[in-house]
Amino acid sequence: MNFNTDLSCILVIFGGTGDLTHRKLLPAIYNLKHSGKLPDNFALVSIGRKDISNDEYREQAYKSIKNSSRFKIIDETLWEDIAKRIYYKKFEFHDSLGYKELNSFLDKLDNSYNTKGNRLFYLAVAPEYFSLINDELYKQGMVKNEASWQRLIIEKPFGRDLSSARKLNKKITEVFGEANTYRIDHYLGKEMIQSLMVLRFANSIFEPLWNSKYIDNIQISSSETVGVENRGGYYENSGALKDMVQNHMLQLLTLTAMEAPVDLSSSSIRDEKVKILRSLEDITPEKIKQDIIRGQYGESMIDNKRILGYRQEDKVSLNSNTETFVALKLHVENYRWAGVPFYIRTGKRMKKKSTEIIIQFKSIPKFLYSKEFDNLNSNLLVIGVQPREGIYLKFNTKKPGTENFIIPVEMDFCQTCQFESNTPEAYERLLFEVMNGDNTLFTSWDEVEYSWKFVDNISSQWGSEKLSLPNYESGSFGPKEADELLLRDNRHWWNL
Ligand code: BG6
């Protein structure tokens with residue numbers, strides 16, 4: 001970890017009036033302040049295209065924080081201290097003059113807040129502006145990399161495919177360098193994702209079992225109840241594969257499957273993650289047909305409310321072929337995981353919101369109990385990422401009483417119950433890590449590159465093949481083909 005002790009900085013948010021800033025970034029800043037983690041030398045400048053004053057922006061920021069902070073009661077003294085450090089600037093992202101003025105404004109703020117030229121540029125804008133803003137920051141001499149530091153935080157999607165990601169990466173790293181480029185995958189900021197490494201490598205009981213000798217299969221699911229909401233335009237060109245698998249799902253896979261890193265430095269951890277991405281089996285035409293399932297939600301009635309199908313959503317084509325669900329069976333081809341299938345599934349408009357990693361252990365030999373009790377449950381280790389954070393182990397025990405029944409029970413660590421509202425939210429942690437200069441929780445270029453290679457391989461083979469869609473009802477567990485994928489292997493999804 002390359003901790004930087006001087007956190008003083010100005011956070012400059014491009015996209016300051018957008019949804020992400022209001023729902024996540026501003027509340028994260030307040031939460032950091034509340035937790036005593038926001039540096040004393042700090043200012044925030046939001047850039048947007050709306051014509052509003054500093055005071056109007058501060059008012060909106062207050063409302064957003066009130067609505068979305070994990071602290072339900074806003075401490076007015078803390079807020080006042082933040083409010084006076086928040087500024088709003090209006091300009092178009094292609095307007096060079098705007099950057100010039102911004103630059104001198106930031107220099108002035110340095111004097112008022114003692115922020116020492118340190119900048120954190122956050123690109124919370126549509127991806128078509130990433131390159132443009134990066135270039136302007138460079139042209140106007142806003143990236144100096146001398147005694148002060150300038151870092152770039154870039155939201156997903158990082159490219160539309162491998163080739164566009166490469167182009168973008170070249171431009172950005174020419175200006176900021178890999179070390180100062182922070183590619184967001186907000187799943188890496190989730191509490192349980194960080195616990196995963198601790199669970200695996202800080203306990204002696206799990207690691208010896210974490211391999212093909214003891215594990216039957218691993219299921220990684222992330223389901224959402226919401227549809228595409230107002231993002232139809234973006235989603236039509238993305239679909240679940242690029243929206244969720246290329247980043248979040250592959251990140252969960254790498255952290256679950258990787259070897260222990262040499263140490264806890266970001267480069268050692270990233271190296272191990274990349275090895276997993278490089279060990280993913282090839283996506284052959286047979287695999288595409290058999291092991292990768294696509295789905296799209298159709299309309300339905302839930303609680304007497306009509307839920308639109310994907311094709312009826314705003315900015316979505318009536319014949320759209322875009323997948324809102326994907327299930328994949330994958331193998332990590334290395335010594336540890338030989339023969340162990342990883343089943344990955346993600347979808348919108350599913351029955352419940354849940355992200356879980358489930359480790360299913362092998363069945364016991366068929367001599368003693370398995371003979372007598374045919375449906376003896378498998379041992380499961382469940383890592384609940386959200387909404388319930390925690391880890392539980394499901395195992396069999398004898399039902400108390402005279403009869404000889406075996407029942408499954410759970411040894412449960414419910415993090416949400418024990419540490420409610422104390423758990424920092426993903427963006428809060430991520431912002432803090434960037435101020436600290438630690439990029440462990442951000443995706444390295446190598447990871448992005450290998451993830452895109454994998455995903456491009458699938459999407460190019462899918463091509464424009466027409467499917468019979470929609471194929472699952474909103475509010476369900478996805479298309480029946482996803483169940484059949486596991487049934488063929490005599491397994492089933494654990495819809496816990
Ligand atoms: C985003 C996707 O990256 O992750 C969204 O673009 C998705 O489509 C979201 O809804 C899910 O995040 P979370 O934290 O709610 O699981």
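Each residue, glycine too, has its Cβ placed from N, Cα and C.
Please treat TrEMBL annotations as automatic predictions, because they have not gone through curation.
Predicted-model confidence for the domain 'Glucose-6-phosphate dehydrogenase NAD-binding' (12-194) is 95, expressed as mean pLDDT. As annotated by TrEMBL, domain 'Glucose-6-phosphate dehydrogenase NAD-binding' applies to 12-194.
For PHE93 (NADP(+) binding site), the Cβ neighbour count at a 10 Å cut-off comes to 20, with all displayed protein chains included. The annotation NADP(+) binding site is assigned in TrEMBL to ARG49, GLU92, PHE93, LYS156.
Sequence annotations record features per position, and here TrEMBL assigns substrate binding site to HIS186, LYS190, GLU224, ASP243, LYS348, LYS353. Listed in sequence order, the residues of the same chain lying 6 or more apart from LYS353 (substrate binding site) and placing their CB within less than 8 Å of its CB are SER223, GLU224, THR225, VAL226, GLN386, PRO387. According to DSSP, LYS353 (substrate binding site) is assigned to coil rather than to any helix or strand.
Residues annotated as domain 'Glucose-6-phosphate dehydrogenase C-terminal' in TrEMBL: 197-494.
DSSP assigns HIS248 (active site, proton acceptor) to a helix in the three-state reduction. For HIS248 (active site, proton acceptor), the count of additional Cβ atoms within 10 Å of its Cβ stands at 22 [all protein chains shown]. The active site, proton acceptor annotation in TrEMBL covers HIS248.
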* To do: Could you list the residues of the same chain, at least six apart in sequence, whose Cβ is under 8 A from the Cβ of LYS190 (substrate binding site)?
  => THR355, VAL385, GLN386, ALA426
* Considering only the binding-site residues ARG49, PHE93, LYS190, ASP243, LYS348, which possess a Cβ situated under 6 angstroms from at least one atom of ligand 1? -> ASP243
* Would you work out the biggest C-alpha to C-alpha distance among ARG49, GLU92, PHE93, LYS156, the residues that bind NADP(+) according to the record, and give it in angstrom as a whole number? => 21
* To do: Indicate whether LYS190 (substrate binding site) is helix, strand or coil by DSSP.
  => coil
* Fewest other Cβ within 10 angstroms of its own Cβ, chosen from the binding-site residues GLU92, GLU224, ASP243 -> GLU92
* Structure fact -> Under a three-state DSSP reduction, the secondary structure at GLU224 (substrate binding site) is coil
* Asked: Cα-Cα separation of LYS348 (substrate binding site) and GLU92 (NADP(+) binding site), in Å?
  -> 34
* Structure fact -> Mapped onto three states, the DSSP assignment of GLU92 (NADP(+) binding site) reads coil
